[in-house]
């Protein structure tokens with residue numbers, strides 16, 4: 001059975017939140033309404049670094065179109081297999097984006113009859129809106145990894161896919177012995193696109209995404225597969241959904257936009273870290 005996660009805390013005073021119909025409330029009178037799309041905004045304005053932080057509406061739409069066509073299904077399957085093999089019961093997707101990987105995981109969990117309580121956050125309002133519209137059973141939140149609105153030691157698994165880990169916060173919300181699953185690009189990820197949009201490709205340095213004491217690398221798997229992008233729309237969506245849209249020059253973007261098709265390499269590391277202290 002899939003259930004929404006309910007051990008939330010107030011982003012203003014860190015007190016426990018209680019759900020009263022469609023409003024989360026703390027004892028100090030702070031309240032946060034659940035939007036009609038099915039998410040709650042727990043990102044105080046003073047914690048925003050910009051007016052509209054995170055991925056833009058266009059980036060989110062492009063990523064949804066791209067991922068829903070199944071181009072990264074092998075990665076989604078690998079993540080689902082990893083989580084379900086652990087017997088996870090309470091999971092946080094820290095940087096959920098538009099929710100593709102989490103929805104895939106939840107579908108697999110349901111097929112196996114697993115019991116899983118799920119929370120998901122992203123700093124992009126557009127991403128969380130899109131995710132929540134597609135599955136309202138989960139606890140979707142606009143929030144930041146810098147101030148996760150979850151109680152201490154409340155989850156056994158954190159999923160961070162192409163995200164930005166905040167180790168102190170991850171340690172706080174994980175229970176002792178909990179696991180962090182990190183997905184990060186490897187050296188050949190999207191190499192074909194990079195060769196088109198950049199005049200020179202810098203060598204990618206390989207390093208572990210978390211480095212503080214208390215983490216133990218439990219497993220490490222490199223997943224690589226080819227993806228056939230059949231038309232200009234798919235190439236456009238790929239470019240738009242990645243940071244390369246802003247990093248590439250105007251000339252580089254124009255070269256990519258002219259492509260009629262493209263074969264790319266998806267090359268990622270899936271690492272599992274256990275929390276020992």
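Any Cβ shown, glycine's included, is placed from N, Cα and C.
Where the annotation comes from TrEMBL, it is an automatic prediction and has not been curated.
Listed in TrEMBL:
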type: DOMAIN; residues: 9-51; note: domain '23S rRNA (guanine(745)-N(1))-methyltransferase N-terminal'
type: BINDING; residues: 26, 30; note: Zn(2+) binding site
type: BINDING; residues: 72, 98, 99, 189; note: S-adenosyl-L-methionine binding site
type: DOMAIN; residues: 92-182; note: domain 'Methyltransferase type 11'
The one of 26, 30, 189 whose CB sees the fewest other CB atoms within 10 Å, among these binding-site residues: 30
Cβ contacts of residue 72 (S-adenosyl-L-methionine binding site) (under 8 Å, same chain, 6 or more positions away): 100, 227, 266
Conformational class of residue 98 (S-adenosyl-L-methionine binding site) under the three-state DSSP mapping: coil
Helix, strand or coil at residue 30 (Zn(2+) binding site) [DSSP, three-state]: coil
Nonlocal residues around residue 98 (S-adenosyl-L-methionine binding site), in sequence order (Cβ under 8 Å, 6 or more apart): 60, 63, 64, 67, 127, 130, 131
Counts of helix, strand and coil residues, the domain 'Methyltransferase type 11' (92-182), according to DSSP: 30 helix, 33 strand, 28 coil
Integer Cα-Cα distance in angstrom, residue 99 (S-adenosyl-L-methionine binding site) to residue 30 (Zn(2+) binding site): 28
Where residue 189 (S-adenosyl-L-methionine binding site) falls in three-state DSSP terms: coil
